[in-house]
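Peer 1: Sharing a structure with you now.
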Amino acid sequence: MKHLQDLPSWRELWKHFDATKGLHMREMFEQDPERAQRYWLEVGGITLDYSKNRITDETLELLFKLAREAGLPERIKQMFHGEKINETENRAALHIALRNRTNSPIEVDGEDVMPKVNHVLHRMGEFAHEVRSGEWLGYTNQVITDVVNIGIGGSDLGPLMMCTALKPFGHPRLRMHFVSNVDGSQLRDVLEKVHPETTLFIIASKTFTTQETLTNALTAREWFLKHAGEEAAIAKHFAAVSTNIKAVSEFGIDTANMFEFWDWVGGRYSLWSAIGLPIMLFLGEENFIEMLNGAHLMDQHFANAPLEQNMPVLLALIGIWYINYYGGGSHVIAPYDQHLHRLPKFIQQLDMESNGKQVTLDGQPVAHETAPIIWGETGINGQHAFFQLLHQGTHITPIDLIASLEKRSNLPGHHEILLANVFAQAEAFMRGKTPEEARAELTAQGLAAEEAEALVPHKTFSGNRPSNIILMTKINPRNMGSLIALYEHKTFVQGVVWGINSFDQWGVELGKQLAKTILNELTGKTAVQPHDSSTERLIRLYRNTNCSKTEGC
Ligand code: F6P
């Protein structure tokens, strides 16, 4: 396979970088009044303004050339045709099939996956209807009021993020709870709030082997049985979402209450599958389908639009420009919307678990950076916390500012303040403030020349700091579907250009393996084995602290 550093465009981009790195966006805007109009794209309900980036037409041309030389158009086709692009696990990556609203056949190993996708979607719809309408009754014939999703990683973050984002669309009777942490305090806090007679537990795990999820699920089951008494009641209060039918039935959940998905759905790409059951319960089938429609719209755009007008491709390539050439090692996701406060965490898993890789598809060490560190927070809160570093720190940190055009509440004045801040931050990142401007401001405030001069360096902003503005016409199921699909495809494009596999996650395994051994040592099941001196000392400290309370110690 061809490596990135061997591609002609990779070297041309380095030359171009050297020639343009001194350019300031301020001048680019001054010289080109059409810049915003040209670096602007709308897809469905999503508008991307990418004009405040350190790019010129030539930068973009070279980046598109890079994508072509890296084989992006072919790779997109392979993904959409169900080819096994997740090579280390010998699997397709077919989240697009889950929202394939045209229902055109997509084959894996010669079998069209659409009938089973539609079948599970239909079953989810029926189940959601029963729970929402109140037809589904608990073991004492009461309606369900609380849904507790027990899952972690992709089996938690997507449903939690969507239910939070789309709260105004939620069923008024249903309270949604999410338990992911094996620290018992999270489950205990939820169990204190809910009642066994009116609670539905969804055990969500692709593998149904994840230690944290199974431990929480067993504790929830014990808690439930303590109240309900008989095992027969479980069928009314426990559902499972998994690819592993055998493990689900061994756990004791009736497989009639199991919603299946398949190994070609990656955990972090699974909210469109049965993993989205909490979303469907909360929002209803129609809204869930709308979310799928929105994602499908972005899929169609991604598959068919030329690279030059392709939103996921643009976001990905501009990201690569900073990561690989400017050495920008992190990327901020800043939603200007309280209900989107879970979005940075969701995108963090999506991007970092997908592209946090150090070898190419052929097992060779990469000769360049891969995924940046994704972090973030609601933008308005970030402004009063970490934005200082973004404006005047020493790192180049690109940021996505995400907001809704439609007002999110009818409280007068709030939305305008929010949006004014989005636009002002992006302008400030781009323009900065020159020493002359700072000096003039200080002098106008009446400071003596010497005093003003001492402050000028502190009040100067270099500017030229990149941002993307992503505006949604409104935050609704359809636009959320499009937004998440946009980030999924952005991640995929970056993975393709870097020549890595975005769909495996071997890096999470080592810690899991070691934890199994250490758990036995902590509980006294096995003697403490030789470790490094630090690990051994920590294990002994824990045992000394808890021995009298721990069985077998
Ligand atoms: O450990 C990482 C991971 O495998 C993620 O990729 C996944 O989303 C999460 O754990 C949960 O896995 P499962 O759904 O199989 O419980």
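Cβ atoms here come from the backbone N, Cα and C positions, even for glycine.
Pulled from TrEMBL, these are the listed features:
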| type | residues | note |
| --- | --- | --- |
| ACT_SITE | Glu353 | active site, proton donor |
| ACT_SITE | His384 | active site |
| ACT_SITE | Lys512 | active site |
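I'm curious about the neighbourhood of these features; can you describe it?
Peer 2: The Cβ neighbour count for Glu353 (active site, proton donor), using a 10 Å radius over every protein chain in view, is 22.
With a 10 A radius on its CB, His384 (active site) counts 8 other CB atoms from all the protein chains.
In the structure as shown, the Cβ atom of Lys512 (active site) sits within 10 Å of 11 other Cβ atoms.
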Peer 1: In which DSSP state, out of helix, strand and coil, do we find Glu353 (active site, proton donor)?
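Peer 2: Reduced to three states, the DSSP call for Glu353 (active site, proton donor) is helix.
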Peer 1: At the level of the C-alpha atoms, what whole-angstrom distance separates His384 (active site) and Glu353 (active site, proton donor)?
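Peer 2: Here the two Cα atoms lie 29 Å apart.
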